[in-house]
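In TrEMBL this protein carries:
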REGION    A:1-30  region 'Disordered'
TRANSMEM  A:34-59  transmembrane segment
TRANSMEM  A:97-121  transmembrane segment
TRANSMEM  A:133-154  transmembrane segment
TRANSMEM  A:166-188  transmembrane segment
TRANSMEM  A:208-229  transmembrane segment
TRANSMEM  A:266-287  transmembrane segment
Amino acid sequence: MAVSTVLGRSDLGDPTEQGRPVRPSRRPGGGQRAVTWILAITMIVVGLLMLLPIIWMMFTAFKPESDIVSYPPTLWPRELTIDHFIDVWNRIPFARLYVNTIVFAGGVTLISLLFDSMAAYALARIPFKGRAVVMVLILVLLMLPFQVTLIPLYDMLNGMGLTNTLPGLIIPRMTNAFGIFFLTQFFLSLPKDLEEAARVDGASEWRIYWGIVMPLARPALLTLGLFHFQYNWNDLLWPLVMSSSVETSTLPAGLSLFMGQHVVEYGLLMAGSLLSLVPVILFFLLIQRSFVAGIATTGLK
Amino acid sequence: MTTTVGPPTERTTAPRPAPPRRRRPLLKANGRRALTAWLFLTPSLIVLLAFTLYPMIQAGYLSLTDYNLIRAARFVGLDNYVELFQDPAFWNAFGNTVLYAVVVTPVTVVLALLFALMLNQRFVGRSFARTAIFLPFIVSLGIIAIAWAFLLDPNIGLLSYWLGEIGIVPEQGWLNDPRYAMAAVMAVGVWKNVGFYMVIYLAGLQSIPGEIYEASRLDGAGPWQRFRSVTLPLLSNQTLLVSVLALIATLQAFDQIWVMTHGGPFFRTETLVMLVYREGFQQLRFGYASAISFVLLVFVFILSMVQFGYLRRKQVTY
């Protein structure tokens with residue numbers, strides 16, 4: 001079982017760290033060491049290049065406007081200011097956008113983790129007639145581009161008076177085929193012994209699901225939680241379609257609307273953008289350790 | 001514990017009541033368990049049927065009408081599809097979508113594999129490199145595309161300036177020049193997703209037993225040979241998954257291109273999803289936009305199936 005992290009320190013690929021005997025032949029020699037250093041330098045440079053837009057955004061948010069538009073442009077600020085962060089709260093309904101995004105992404109993540117895992121529990125752990133039919137339905141919906149349903153969905157929610165509201169944004173996302181598929185794969189990999197014992201002792205299916213299977217599924221739930229959270233936190237098209245004003249919008253949609261209207265205020269936009277990246281990055285750093293245990297033990301392996 | 005007769009397993013420490021007596025009610029309870037299964041499925045099924053399957057069928061119907069949100073839908077048969085196939089805007093978007101997919105998918109997959117192989121070695125700074133490469137995947141494209149647009153601005157963009165210093169200067173700037181705009185949005189597309197696919201490859205690499213490498217090393221295989229005949233075949237599951245996911249994602253590209261170029265210059269970067277958005281939500285031609293999205297659905301479905309079929313044949317299970 002892969003209880004480790006791909007992005008963190010430990011490494012499953014190295015047999016020495018899995019309690020297997022150390023093989024002296026794998027010790028790097030002199031030539032090997034040079035190769036390792038070249039590799040290290042190359043990958044650190046690649047990493048920095050990948051981070052460039054984020055690093056640049058960070059520095060730009062602290063630059064005075066005159067510095068941002070000066071030529072030649074520089075990465076490092078000549079002068080530091082926090083004016084843009086103050087501006088962003090005063091000039092656009094930033095707090096409103098932030099709350100909307102938290103409620104939308106957080107709400108969708110929690111509800112869909114519950115619904116996805118209930119469905120996945122039934123599909124993976126309870127034999128019943130019709131299971132195959134439901135599995136096929138899930139797989140077909142997995143391939144369906146979301147955009148295909150966009151228009152009728154909008155139309156339907158518009159008819160219910162749910163456009164420009166948070167429930168309208170959240171309700172269609174309360175479960176999804178990918179989440180059910182992902183968790184089904186994980187639940188299938190769990191050993192049967194514990195729950196069989198509980199079943200013999202007369203525990204209800206709900207108690208087995210909630211008390212035994214869910215705690216075991218923690219890495220997978222956190223990983224799927226990250227996917228759901230980042231996807232909805234970042235989604236542009238859905239909030240753009242569902243809300244017509246900045247007040248009922250989410251951060252990506254709100255900021256992109258704002259960019260169209262006030263093109264020149266780079267510092268303000270960068271400060272707003274930077275603030276909106278914080279929760280997703282925090283979420284990721286918090287669950288980083290379980291993250292790949294989740295991937296390595298599901299169908300994504 | 002499915003056996004009813006036989007010696008107790010090592011795990012049973014306390015003596016259990018005789019199995020046959022407690023098994024019988026369980027078997028009888030099959031009907032109740034099926035009911036429980038359906039109860040567990042109910043919330044998801046309601047949401048999926050109401051908000052995914054039903055709208056999908058509805059989209060199929062709308063594509064045969066001239067629905068525009070304001071007046072009632074009028075059935076027009078295949079008119080939308082006939083118009084579609086004669087519409088240069090559709091063929092332009094279709095071409096752009098295909099171009100974007102056939103360039104971005106393989107580049108992303110190959111880079112992801114390369115990064116995964118390198119980051120599976122041990123060296124100082126590896127955790128940093130892994131996190132740095134993955135991070136773009138979790139930040140918002142809508143937001144980071146704003147940063148990219150500024151970085152590539154011909155007058156004040158840092159990246160434009162740096163690239164200018166080494167002699168690469170498109171006259172009208174990267175995003176305004178019809179020749180380079182597509183290349184620029186493609187590069188951002190690769191940048192965004194490569195980390196996610198890299199993680200899937202890393203998880204795969206880490207599940208390959210070290211003994212296999214030892215054996216091939218003893219057989220005298222060089223690094224390239226080991227890669228060709230051990231690593232690559234054992235990663236075929238990951239390659240299948242990664243390439244299908246990447247293809248589906250590229251065919252649905254919207255966010256980043258929308259923010260960076262709005263489909264311009266001269267519709268050079270307009271994709272099918274963007275055309276759906278423009279025709280549907282800006283022109284209010286919902287019937288026509290539905291027809292476009294249905295063509296996209298069929299296209300995604302066929303390509304995924306072809307890819308599944310092709311890669312399944314080459315797949316190795318271990």
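Every residue, even glycine, has its Cβ placed from backbone N, Cα and C.
Curation does not apply to TrEMBL; its annotations are automatic.
Worth saying up front: this structure is predicted, and the values here are computed from it rather than measured.
If one looks beyond the transmembrane segment (A:133-154) by at least 6 residues along the same chain, the residues whose Cβ comes under 8 Å of a Cβ in the stretch are 123, 163, 172, 177-178, 180-181, 184, 237-238, 241-242.
The transmembrane segment (A:34-59) and the transmembrane segment (A:266-287) are in contact, since at least 3 Cβ pairs between them lie under 8 Å (pairs 6 or more apart in sequence). Between the transmembrane segment (A:97-121) and the stretches A:166-188, A:208-229, A:266-287, Cβ pairs under 8 Å are most numerous for A:166-188.
Among residues of the same chain six or more beyond the transmembrane segment (A:266-287), those with a C-beta under 8 A of the stretch's C-beta atoms are 54, 57-58, 60-61, 63-65, 68-69, 83-85, 87-88, 91-92, 94, 98, 101-102, 222-223, 225-226, 229-230, 233-234, 251-252, 255, 258-259.
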